[in-house]
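Inspection log for the structure reproduced underneath, given as structure tokens.
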Amino acid sequence: MKVLILIIASVLLIGVECKDGYPMNSEGCKISCVIGNTFCDTECKMLKASSGYCWTLGLACYCEGLPENVEVWDSATNKCGGK
């Protein structure tokens, strides 16, 4: 019983840090998509995300549950198109 409590306490204290966002290609642009989630889900899972889908309004892949070390697109630090 003590071991179970120790494991639960450890998980709660350590926590699993995850983030959501738009993954970027090598040029710093969002990964484009048009319809369907299969492509984006595959791209996101290659980055160790829990899932991904095509956000149709933005025509870009959106990943959920990305590790903290994966860079995601941010309008403040946008480098896409030489900006």
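Keep in mind that glycine also has a Cβ here, set from the backbone N, Cα and C atoms.
The structure displayed is predicted, hence computed values, not measured ones.
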Candidate in Cys29, Cys33 joined to Cys80 through a disulfide, as Swiss-Prot lists it: Cys29
Spatial separation of Cys29 (disulfide bond) from Gly81 (glycine amide) - C-alpha basis, Å: 8
Segment-level pLDDT (mean, integer) for the domain 'LCN-type CS-alpha/beta' (19-81): 93
